[in-house]
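If you look up Swiss-Prot, you'll see 7-27, 45-65, 79-99, 115-135, 160-180, 189-209, 227-247, 255-275, 279-299 marked as transmembrane segment, on the strength of sequence analysis. Among the features that Swiss-Prot reports, domain 'EamA 1' is placed at 63-126. Swiss-Prot lists 169-298 with the feature domain 'EamA 2'.
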Amino acid sequence: MACMKKALPFILMVLLQIGYAGMDILTKDVLNKGMSIYVLSVYRHGVATVVMAPFAFYFDNPVIAQNLFNLGMKYTTATFAIALYNTLPAVTFILALIFRLESVKFQSIRSAAKVVGTVTTVGGIMVMTLVKGPALDLFWTKGPSAQNTVGTDIHSSIKGAVLVTIGCFSYACFMILQAITLKTYPAELSLATWICLIGTIEGVVVALVMEKGNPSVWAIGWDTKLLTITYSGIVCSALGYYIGGVVMKTRGPVFVTAFKPLCMIVVAIMSSIIFDEQMYLGRALGATVICVGLYLVIWGKAKDYEYPSTPQIDDDLAQATTSKQKEQRRTVIESV
C-alpha cells in the first residue's frame, strides 16, 4: 500500500499526459476543419464546469494560454507545437525560484540536476526550432514527401512558435498561481470548478469579440467537433485541473509540468499515423535532448521529495544534541 501511494502521483501524471495527447490530436483535426479556437475554449470549459460542479458541491460543500497554444498549433504542426510547449517545466522552474516555491543549493547533486536539466531543455528547444535536417522515412508514412499541408511555410512556423511560447509562459504563471492558492485553499474539486467557470466566462468574452458578426461558429453538430469539446472538457479540463491540483499539493508545480514530454511522444506518433505528418531528424534530436533535460529535473524533484529542505531539515537539525551531529546530518542531506 505504501509503495502504491508513492507511485500514484507518477501513474496519475502519465495517464493525464496520454489524455492530453488525445485532446491535442482531436483539437488539431477540428482546427483544420475550420472550428474557432475561441468557441472551442468556451465549450470546453463549459462542459468541464457542468461535470465538476456537482462533485465540488457534494464533496467540498487558464483560457489565455489555451487560446494562444491552439492558435500557434493552427500555424504549425501538432508535434512541433507540443515539443515547443515542453519548455513549460523550465519556465515553471524559473518562476518557482522567483516565488520561492523551489530552492537551489549548488553544492547539492539534486539541485545541480534541476539546473542542468533546465538548461538542457532550453538547448533542446533551440535544436528543435533551428535545425530541421533530413526527413525521416517512417514505415507507417507514405515516405519523405508526405507533409502536413497546414502551416508548413517558414513565416507560419515562426508565428506559431511565438504564439506557443507566449502561451507556455502564461500557463506556467497559472501553475505557480495554482500552487500558491492551494496552500490556503486546499479544496481541489472546488478550485477546479472555479477555474473552469471563470475560464468559461472569460472565453465567452474573448469569443464574442474575436468572432463578432460570425454567429455560425457557435453551431455544433454530431461530428468530431462535439467529440473534441466533450473529450477535452471532461478529460483535460475537469480531470486535468483536479488531478494536477491533487498532485501539486504534495509534489509541487515543477513535478506536474515535468511530464509534458510523454504527451509529445504520443502526439508525434499519432500525428504521423493519423495526419501523415512528416518527421524530421532535427526535431527528433531536439525532442530527445528535451526529454533528457526534463527527466533530470524530475530526478532532482524526486530527491527533493525524499529529502525535503525546509522546514523538515531545520526540524531535523534542531533535534541534534551536539554540533557534531548537526554537521553530520547537514552534510548527508545537502549532498543528495
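Positions of Cβ are set from backbone N, Cα and C atoms, glycine also.
A quick note: this is a predicted structure, and the numbers were derived from the prediction, not measured.
Sequence-distant contacts of the transmembrane segment (279-299) (same chain, six or more residues past either end, CB-CB distance under 8 Å): 79-80, 83, 86, 89-90, 93, 110, 113-114, 116-136, 138, 141, 254-255, 258-261, 264-265, 268, 272.
Listed as Cβ neighbours of the transmembrane segment (227-247) (distance under 8 Å, sequence separation of 6 or more from its ends, same chain) are residues 9, 12-13, 16, 19-20, 22-23, 26-27, 29-30, 35, 40, 43-48, 51-52, 175, 178, 182, 188-189, 191-192, 195-196, 199, 220, 255-256.
Contact counts against the transmembrane segment (7-27), taken as Cβ pairs under 8 Å, peak for 255-275 among the stretches 160-180, 189-209, 255-275. DSSP labels the residues of the domain 'EamA 1' (63-126) in these numbers: 52 helix, 0 strand, 12 coil. Here the domain 'EamA 2' (169-298) has a mean pLDDT of 84 out of 100.
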